[in-house]
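Student: Quick one: structure below, then a few questions.
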Amino acid sequence: MESEPDQSFKDLSWFLQAIKDPQQTFFNLQTLSFSSSGNTTHCQLITESSMNINVTRDNLTSLSQIFIELATSLETQTSLRNLEFEGIFWEIELLQSLGLLLDNTSKIKQLAFRKNRFSEQCLNELSEILKRNRFLKEVMFLESSIGYRGATLLGSALQVNDSLEELQIWEDSIGSKGAEELSRMIEMNSSLKLFSIFDSSPFTATPLISAVLGMNREMEVHMWSGDHKRDRSLKLVEFLPESKTLRIYQIDISGSCRVAAALGMNTTVRSLDMTGAKLNSRWAKEFRWVLEQNKTLREVKLSKTGLKDKAVVYIAAGLFKNKSLQSLYVDGNRFGSVGVEDLLCPLSRFSALQLQANITLRSIVFGGSNTKIGRDGLTAVLKMVTTNETVVHLGIHDDASLGPDDFIHIFKSLQKNASLRRFSLQGCKGVRGDRVLEAITETLQINPLIEEIDLARTPLQDSGKADEIYQKLGHNGRKIDEAETDDSLKDMPLTEPKSVRAFLCGQNYAGKTTLCNSILQSSSASGFPYVENVRNLMNPVEQVVKTVGGMKIKTFKDEETKISMWNLAGQHEFFALHDLMFPSPCFFLIVLSLFRKPSNKEPKTPAEVEEELEYWLRFIVSNSRKAIQQCMKPNVTIVLTHSEKINLQSESFQATVGCIQRLRDKFQALVEFYPTVFTVDARSSPSVSKLTHHIRMTSKAILQRVPRVYQLCNDIVQLLSDWRSENSNKPIMRWKAFADLCQFKVPSLRIKSRNENIQIVETRRHAIATCLHQMGEVIYFDDLGFLILDYEWFCGEVLTQLIKLDVRKQSTGERNGFVSRKELEKTLRSSLQSPIPGMTSKVLEHFDACDLVKMMKKVELCYEQDPSSPDSSLLVPSILEEGRGKTQKWQINTHDCVYSGRHLQCDDSSHMFLTAGFFPRLQVHLHNRIMELKNQHGATYSLEKYLIAITIHGINIRVELGGQLGNYIDVLACSSKSLTETLRLIHQLIIPAIQSSCRGVILLEHIIRPQCVQDLTPPRFRQSQFVSLHRLKEALSSVPAETMYDYQHTWDSVLDSGKTVLRAGFDLARNLLSDDDFREVLQRRYHDLHNLAQELQVPTDENPEADNHVPVTNELEKVDPSFGGIAKGVEAVLQRLKIIEQEIRDLKQEIQGLRYYEHRLLIQLHHKVNYLVNYNVQMDERKVPNMFYFIRAENYGRRLITSMVPGMVALRIHMLCEFRREMHVVEDQLGCDVMQIDNQAVKCLAPYMTNFMKLVTFALRIGANWAAGMGHMIPDLSHTIAHLANPAVMTGAAGAAGAIGVAAALGRNRGRDRDIQEQEQRAAQQWLIDYLREQTCSTGRDIAEKFGLWRVRYRDDGSIAWICKRHMITRAHEVIQVPL
């Protein structure tokens, strides 16, 4: 136990003597504070490292003597680091003596002035001191009224000083002039790392943050405004260089324009958040330039900023040229359909051949009650959803202008989208009705790529129908962070929450409890309004004997904000509890001890610290992934304890710092780190004072960013506290008591008459209780009938004991992990009894044992063997044992069994994992889902610690947890049914249950080698024996249609100590994929070909007979033979074989239909080519070839030119051999140089280039031979066949209108008749004739030399063509040479 610090008062002479005496070894001062108050002069040792010296107002000269003595005795005071001054009225002589002290020491790093007063002469002297000092790192002024003049002098000093790293000016008024002076300092000073200011004027923020951004300073900035005396404060600006995040909470229009101008060439900001700031088109015009010039911005949030149509037009124009922005949030604004159209234009394509203008934006959110999307806006949304290839997250929030039919159209369009993963429709009033539900369900069946649909606060969710959608997506039904809303809740006002949680994460012996106590003590000593005592339900005797290990919660208040410190237990057996404790709003303190145990002096190695920190970061990310998608990244601060025992300059500590920095870089995209790593002595309140200040500021910032709550919740929190005080601190509140409290104390939740709709009031009460649950004030579930008011009691005593239950020691009737309800209740009573003889149990005093069982079932800690029986046995996963040593085999294993497996792996296992609580929860959750099935009779379900074994409908399934820290799940199946039926069961039952239990961690699906499944190969040997499902489908999409059914995937061999465990082999794709997967691949190929056919205007209805092969039929789904119960004999088996054979024939028929469709399109292609070659035989008697193209030399190769731009130089023109049905690129063709392309050339050639590139694209897609020489000249075909016939380019217009121009031009092309097309072809031909004449290449001989082509006439029809020498020889009997 640490001894109490000496609190006795000493006189000043004692202190002067002590600093002169080198024998005073106990005197190890780090912080020395000076104050001027009272009538006595004295000194007081606060802790072993901090002291306060108080002098009376008329005895300030004694401070000069102290400064001089300190200056001359520095060799004995090497530990002094900080000087603090409170209430000092400075005179010039006193300040000069302080300057003497600072000039004679390099040890003092911090100066703090609180409520000091300086004359102008003193400010000048202080400025001179700072100019010549090279050792100070931090200077802080608090309520010291330095004003404009002081800011000017500080700025001039810091223009010279290059060592100061932190400057803080709190609760002062430097004014805009002072801010301008400090901004000039920022332009000159590159060493300042932290700048904080709290000023009465909000206009001080603009010049300061503009200077930081304009000069690309890596400086952390915090700016506040308000009047602290009236408790009014507002954060204006925050810049965190560590996360490269700039947040602007409030700013005037001129200031916002100035900041935008500074952002243009900035390289330090990656995320810009201006949510709630008022902006207009003047700002947007400046911001357009930012989007066009800035290369580092990745995220922009402009929610609720009042933007109108004109402003959004500027932003959209910037998106056309932007190549870096990934996320844009413009919800809650006031623009209409015009704004929506412009906003989505750069993200849309108006032809399959047009290049999407912006391909970097991945997430876009718009909408709001004042955003009127309208008909035109809906059209733009449909076009974007249908054609966009890059957006992953689309959000339309709080919309009231679209109806159910509109959303049905949107979901229908989503069926064709291959990029969108998350679609958010929060608060949209038109998302209602069964037809919308059917549209969503149909879309999810057709498009399997959609991972999340957010229907929070929509009528569809309010009616309870959204649960079906969430289950299909693999989510946990209704979102946890959204309160239920309906018509009865509309008039309930919302407000910011007033409570926040700080989770202290760390292993045992990290010092979390000691640190928590010091934070509370520091907060109390800092003059905060008041501090709540720790919630305490036990008498002092019980506190002494209480076992360590539960969760501790301590609370204090900062103004109106309640901050709860949640001390998570460090022991491994409690990790499963942590999954239940992550609501919003919250942030995390990861506490790491630099020593293995506090009782010894053995420090941890950097690798040990790194391993521990990485675990907790992965743990936080794994549990916060869903929160990332909905709100914000988890906020994490790193704290190193026991730092007083080590040398912070040692190589070992610096190596530890390097390890921490590597992890921060690794997790930067998923976690919002506070840039400072705190090193503290957890026992010392002064040592944690900065950490305490950080906790206060972080809490306020987080509460401004999280979703709002019902205003009534903040009022009811106090009523619940009063109720507990009046009821002997009961931790449990029955629902009847809560209803009575609402009836008597809350008028808006009161039933006023018998004629009133009681159900509406009850709905409101339940909504308030649910909101309190989400805020972390209570624990409440609808069907349990009570509220838990004390988190610490429930988590620290009740759940902790439940997790640690060992029923095996007390149960005599255990059967396969099951225990009877009576035995479990008996065990609960004995485990929860008080350890003090004669004292009643504090748990069972408020909780009945049956309530505990209900709670365990609710949080999926156990399940009932027979839910229909009130005395059913229960299974508690904590009593399960591992199955090591047991023989692993399938229950059925015949020669006709089908073996299949799926490997579900974390998509980012380096940043997240399946937490320890996942698999026990999955064991219960999957059992409950199976029991809910209507046709589950006869199913068996057995468990081991890391295994779930299921038999249902004749299919045996094993679900295995694998990998270090649970990186993957293997689902293995042995079935007497077909592969398709087996995989349908896995995808409809097993995988959704797994996804809904893993807290939003994304799992990627792979196919396990069937031989590994059949032999139950140990997991360590099958790590290389799986292939990505997506990759296999892509491979099938790339092979010719006739080879799809026989496509093979090869497997590598597996060796163990030189011994072959698995031989190399292969499996046919049809034995790895279900018929559903095959049909999906076929549908996508049909879809791609259909789109290309439409672009070529190829008719698809000329051959009605072919249509019989094209559609994918669903006749097989009507075959549903029953395999339950006893087999019905040989006839049933033969019938089943016939069905399987029919499935194979149908699948082969569909593949044959695909190939036939490709053949039809190839014939149409030849017709199109022949038209282009011979569009007018009489035109100058074909004096020059028709089919020409341009290339450019690039990296020792050739690149096909797909678009013409005025001013292009160094091109080369080539021509194709035009022999019918065998057109090709001529090898070794010299070609002819084109020095420059002018505007006239572009106008003539653009329509020709459009038609030519369409044919090239289509030919390459269906494998036409004539395009074989083109493919290698088009590195990325899908993105380069664009800019065709771009009118904006031809007329020199701005690129911002390019996308609209292309859409209009290509739309006109489809409507032109043959005469117009001939005019376009004639213009291109005439340009070629004129050009060749200029190059003196107009004769047949010249063309043969340059292009290797000869003019011939076909013998059969007399048409003219230009063909190569090879065709001249091999097809001489078909042509006659016709020289010019």
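Glycine too: its Cβ is placed from the backbone N, Cα and C atoms.
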Student: So which range, 310-330, 1255-1275, gets flagged transmembrane segment in Swiss-Prot?
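Tutor: Residues 1255-1275 are the ones Swiss-Prot records as transmembrane segment.
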Student: Which range wins on Cβ pairs under 8 Å with the repeat 'LRR 8' (348-371): 26-46, 266-289, 446-472, 640-665, 1229-1254?
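Tutor: The listed stretch sharing the most Cβ pairs with the repeat 'LRR 8' (348-371) is 1229-1254.
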Student: Average the pLDDT scores across the repeat 'LRR 9' (446-472) and report the rounded value.
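Tutor: PLDDT averaged over the stretch: 83.
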Student: Tell me the Cβ contacts of Ser643 (GTP binding site) under 8 Å, same chain only and six or more apart in sequence, or just say none.
Tutor: Leu594, Thr679, Val680, Asp681
Student: With DSSP, how much of the repeat 'LRR 12' (688-712) is helix, how much strand and how much coil, in residues?
Tutor: 18 helix, 2 strand, 5 coil
Student: Looking only at the repeat 'LRR 5' (266-289), how are its residues distributed among DSSP helix, strand and coil?
Tutor: 9 helix, 3 strand, 12 coil
Student: For Lys512 (GTP binding site), just give me the three-state DSSP call.
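Tutor: In three-state terms, Lys512 (GTP binding site) counts as helix.
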